Amino acid sequence: MGLEAAVASGEVAFEPIPAAGIGEDGASVRVIVLSVGPPEPELDAGSLEDSTVDARANDTAQHEAGPDVRPHGRIRLVKGIPAVPRSQRAPRPRRRRRRPRGDTGEHAEERGQQDTPGERAPEQLHVGDSVLRLHPRASQKHRLPRRASLRASWSRDTLATDLSQGAIPALLPVFKAMFHLSYAGVGFIVLMANISSSVIQPVFGVLSDRLRMRWLMPVGALLAGLGMTFAVLSPDYAVTVALILVSGVGVAAFHPEGYRFAGLAAGARRATGMSYFSVGGNIGYGLGPAVATLALSRAGVRGMGYLMAFSIPAAILLWQVISPRQREALEGAWAASAPRSADGIPAAQKTQNVPKGILALLVVFVVLRSWVSVGTASFIPLYFTGIRHLDPQYGGMLVSLFLGAGAVGTLIGGAAADRWGRRASLIFSMAILPPLLLMLTRASGPWILLAAVIAGMAVVSTFAVVMVMAQELVPERIGMISGLIIGFAVGMGGIGVTLLGAVADRWGLRTAMDATALLPLAALAIAIALPTHRQASTVPEPPGRKEPQAAGETWH
């Protein structure tokens, strides 16, 4: 369908300056693709569909905001509408010429210039027999900071925050020997850490949506490091568990607000953008066992004070990075690119029915994935130290490889989800996990390392993908849904470790790890059951349309 045909058929909407009959009937129509500013010679809207062009609103003119608009550098496009032919693009704007001395401005109209300094007349783009008006400098309100800077700062601070939680698997043998715990008792410590750091995250997510408490991020990062540092120094079991709870609360306060900012700044390639934020946490969680093992071997329990060297600078930097101006710019860009109904109202504001069945499937999927991830990371040091009788540093190094490989897997998984589909990415990851986890407990030499690396990449790569899928289902409650996925669902991993610990006490640790290796089969069945198309919050059907209008993308 050509552009003029799309206008005539009602697929394209604009605010026309009456010149012909198109659009005069007041029908609810969509915003067309506009070429704003001087476009690059080889670029068009069609070629930018899957590109990584800077999505900041850095143009000098902007059209009236309309539905389904995606900012792509100097071109604004609507998904599903063909590219604007070059003959119909906006002309290159003229540069303002400095007025010669003595010029009173009486010939300004002939030059096409405005007498008022710093102002320009609205540019016009002719489409068929109608005219679209472009308003100068309208996009300056939502100018975004550089995305590369945001990604680097958030990844760095997420790394420092999750480093404390990542240290727990390496500390479990210490706690077991210090307090004479059974495997079930060790699993209880993991359960408490997961409840405090994950299960209560939906509460902080709701507070984030309603109150916009930016200070939760720096305060959460500080509590995460301090709580875990003093937990190792405590000689009392109850005090240790209480301090682990404090550290977990810090993690829970940090993540919903962090994922809200990451979702706002991700742009059109949301799975890729979310993976950049998650990769810092994966690296921190993966480095945690190695840092804890190294600190304990060099300085004993007092060496855990190194965690404060990460958390305190992270809290200071977060306080400087997160500003009200930055949030306003990000939320403005999110609103401009949000799906809208045919009458121009954002779909998030017209939510009628949240697809609870699909959301429940995603939550169950994350629960099973968390059982696999947390169970494997928790039992690897115990298995290779107690069953294989290897050096404790080897177990800590293996956990770091397993979790650290997830950082690479997160980046690969996000890009693969944007390229081949999110559902397909989940299916592939869960399908390859069972043989890799079985190989981990039966192989020897370098094959153990290979199995740990690939299994870590596969299990962690799904995290950012599921987060984006959940945010797309409920776009009006980003903080709450982020807390639900990363919080309640991931926190259920602690319950899984407790149950697996009971299995280890009854039938042996290897049996418990074999049971963990079979859990991805259930997650695979859920991934296959997910729909191939996203079923987001429904919007009323516009008059005159035969089919309901979906606000979403393919999940194939």
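Glycine is treated like the rest: Cβ placed from N, Cα and C.
The annotation compositional bias 'Basic and acidic residues' is assigned in TrEMBL to 61-71, 101-122. TrEMBL lists 89-100 with the feature compositional bias 'Basic residues'. If you look up TrEMBL, you'll see 150-534 marked as domain 'Major facilitator superfamily (MFS) profile'. Per TrEMBL, transmembrane segment is recorded for 181-203, 215-231, 237-255, 276-297, 303-322, 358-384, 396-417, 424-441, 447-469, 481-503, 509-530.
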Practice task
State the mean pLDDT for the domain 'Major facilitator superfamily (MFS) profile' (150-534).
Solution key: 79
Completion exercise
Among 237-255, 276-297, 424-441, 447-469, the stretch with the most Cβ pairs under 8 Å to the transmembrane segment (358-384) is 447-469
Handout entry: Non-local residues, at least 6 beyond the ends, that sit with Cβ under 8 Å of the transmembrane segment (237-255)
Key = 158, 161-162, 164-165, 168, 175, 179, 189, 192-198, 200-201, 203-204, 216-217, 219-228, 230-231, 482-483, 486-487
Problem - Contact yes or no, the transmembrane segment (447-469) and the transmembrane segment (396-417), 3+ Cβ pairs under 8 Å, gap 6+ - result: yes
Fill in the blank from the handout: Contact count check, CB pairs under 8 angstroms to the transmembrane segment (276-297), set 303-322, 396-417, 424-441; argmax is 396-417
Problem - Surrounding residues of the transmembrane segment (396-417) on its own chain - C-beta under 8 Å, 6+ positions past either end - result: 166, 169-170, 271-276, 278-279, 282-283, 285-290, 292-293, 373, 376-377, 380-381, 384, 424-425, 429, 448-449, 452-465, 468
